[in-house]
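Listed in Swiss-Prot for this protein:
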TOPO_DOM  1-514  topological domain 'Extracellular'
CARBOHYD  Asn8  N-linked glycosylation site
CARBOHYD  Asn22  N-linked glycosylation site
CARBOHYD  Asn38  N-linked glycosylation site
DISULFID  Cys52-Cys277  disulfide bond
DISULFID  Cys64-Cys76  disulfide bond
DISULFID  Cys97-Cys139  disulfide bond
CARBOHYD  Asn165  N-linked glycosylation site
DISULFID  Cys281-Cys305  disulfide bond
CARBOHYD  Asn285  N-linked glycosylation site
DISULFID  Cys473-Cys477  disulfide bond
CARBOHYD  Asn483  N-linked glycosylation site
TRANSMEM  515-535  transmembrane segment
TOPO_DOM  536-550  topological domain 'Cytoplasmic'
LIPID     Cys539  S-palmitoyl cysteine
LIPID     Cys546  S-palmitoyl cysteine
LIPID     Cys549  S-palmitoyl cysteine
Amino acid sequence: QDLPGNDNSTATLCLGHHAVPNGTLVKTITDDQIEVTNATELVQSSSTGKICNNPHRILDGRDCTLIDALLGDPHCDVFQDETWDLFVERSNAFSNCYPYDVPDYASLRSLVASSGTLEFITEGFTWTGVTQNGGSNACKRGPNSGFFSRLNWLTKSGSTYPVLNVTMPNNDNFDKLYIWGVHHPSTNQEQTNLYVQASGRVTVSTRRSQQTIIPNIGSRPWVRGQSGRISIYWTVVKPGDVLVINSNGNLIAPRGYFKMRTGKSSIMRSDAPIDTCISECITPNGSIPNDKPFQNVNKITYGACPKYVKQNTLKLATGMRNVPEKQTRGLFGAIAGFIENGWEGMIDGWYGFRHQNSEGTGQAADLKSTQAAIDQINGKLNRVIEKTNEKFHQIEKEFSEVEGRIQDLEKYVEDTKIDLWSYNADVLVALENQHTIDLTDSEMNKLFERTRRQLRENAEDMGNGCFKIYHKCDNVCIESIRNGTYDHDVYRDEALNNRFQIKGVELKSGYKDWILWISFAISCFLLCVVLLGFIMWACQRGNIRCNICI
């Protein structure tokens with residue numbers, strides 16, 4: 001289909017941008033939904049379902065909890081001196097030794113998990129006048145009665161249990177973690193049978209702290225054939241400090257210390273299988289990619305992970321505003337420029353030209369403006385990731401029953417942080433999308449203005465993104481306009497001459513209306529004059545008589 005007013009002495013050049021039949025809706029500051037040619041999802045909403053063992057060292061706890069592995073439960077001996085970046089506790093983990101409790105369980109678990117090692121150093125404690133290496137049928141090691149391998153159960157020797165007073169200095173340059181305990185017999189008879197005294201006492205001190213525990217004698221629910229309990233305590237001895245242990249009974253003594261390390265190690269409860277793969281980010285649901293800035297898989301993470309948000313989807317515009325091409329038009333229609341719609345089928349660029357001249361029609365992309373837009377958009381995703389990825393882990397928070405209010409406060413703080421980040425993510429993406437659309441629109445306008453400045457008076461802006469060129473412009477001429485080498489002076493005289501000739505025949509639509517109305521008014525006036533003259537002539541000849549009655 002020819003463009004209006006086109007012939008061999010003129011040409012038409014239209015500027016346009018890429019469009020797709022079905023774009024993607026994104027949110028901007030000014031619009032909740034605006035269609036763009038392309039967008040990237042920013043929220044990771046699914047996991048692989050498995051925990052990758054690379055680059056992080058993953059230690060599968062299997063049927064052992066971290067504390068059981070720490071104490072040396074017989075069925076956890078395989079974990080002695082192990083190290084990890086992430087210790088994975090399973091839901092089927094169980095204890096299989098003398099029943100115990102840890103009054104500050106969460107703190108001990110977190111301390112050991114962050115240390116990332118169960119490296120144990122045996123020390124030569126001297127326990128005089130007592131029997132060492134006590135055991136229980138509740139803690140079988142093979143066919144024999146046993147006990148926690150990292151603890152030493154001290155009982156009476158003969159009929160005496162002397163007061164124990166032992167010191168152990170820390171002459172090294174690292175922190176030492178000592179695990180010790182207090183036995184709570186189920187009856188008074190058990191108390192005297194094991195420790196002679198009717199009531200024991202255990203005091204463990206350093207220069208910075210002191211703990212004194214008095215056993216609580218009494219029956220408790222039976223667990224693995226035992227109604228007594230052991231309470232587990234722990235003490236950290238700094239370099240240059242001294243550990244002092246004083247007791248007259250009921251002491252579960254340390255055999256040595258755990259070497260403490262500082263680092264980013266952690267612990268996570270998960271039943272996801274561990275597999276040979278690579279992933280920087282781990283959640284209880286499994287590993288997730290960290291190529292997106294946000295995720296809503298799980299609040300608990302380890303490694304370099306996307307920020308957790310509430311949204312299921314946030315789309316970042318990576319293309320321009322999409323205005324699908326009207327399908328009723330061909331390559332050239334009544335309106336072919338970017339003002340009304342985009343162009344589908346532009347596979348080699350975002351912006352381009354369509355022309356019609358004496359040699360036919362054609363289309364070509366403008367790579368300069370396309371590259372300028374792409375360069376500004378390409379770094380957006382990486383910049384958003386850099387702003388949001390956490391280079392640390394979000395650990396599980398655990399509190400005892402007496403710390404219920406602290407737990408509620410912690411939950412409130414975490415929920416508030418998530419709400420804040422979810423809002424920030426929404427605003428951040430909306431701002432980036434607004435910028436993308438504005439800059440792609442700007443590149444289109446720059447290309448149009450650059451073309452208009454080249455053509456000057458040799459062409460007329462048709463108001464729809466097209467120029468009517470008033471001189472013969474073959475394909476070489478069109479190419480010179482596209483690449484910026486067009487010389488308007490060469491065609492100036494021809495363009496002016498053709499413009500005057502065409503304007504002598506063509507009338508712009510605005511003047512046509514005025515002329516039509518004026519012509520209609522003059523015609524009506526002349527018709528009235530002729531009709532009135534005929535009536536007056538007829539009256540004079542007597543052919544018409546007029547009677548006026550009052």
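Yeah, the Cβs are placed from backbone N, Cα and C, and that goes for glycine too.
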Same chain, |i - j| six or more, Cβ under 8 Å of Cys52 (disulfide bond); the result in sequence order is Ile58, Ile274, Asp275, Thr276, Cys277, Ile278, Ser279, Ile282, Ser287
Could you measure between Cys76 (disulfide bond) and Asn285 (N-linked glycosylation site) for me? Cα positions, answer in whole angstrom.
-> 25
C-beta crowding around Cys64 (disulfide bond), within 10 angstroms = 23
Going along the chain, which residues six or more apart from Asn8 (N-linked glycosylation site) have their CB under 8 A from its CB?
-> Ser358, Lys472
Whole-number Å value for how far Cys64 (disulfide bond) lies from Cys281 (disulfide bond) (Cα to Cα) | 24
List only the single closest residue to Asn285 (N-linked glycosylation site), chosen from the recorded positions Asn38, Asn165, Asn483, Cys539 by CA-CA distance.
-> Asn38
Spatially speaking, which of the recorded positions Asn22, Asn38, Cys473 is closest to Cys305 (disulfide bond)? Use C-alpha to C-alpha, please.
-> Asn38
Between the recorded positions Asn22, Cys139, Asn165, Asn483, Cys539, which lies closest to Asn38 (N-linked glycosylation site), Cα to Cα?
-> Asn22
Local Cβ density at Cys281 (disulfide bond) - other Cβ atoms counted within 10 Å = 24
If you count Cβ atoms within 10 Å of each one, which of the glycosylation sites Asn22, Asn38, Asn165, Asn483 comes out on top?
-> Asn38
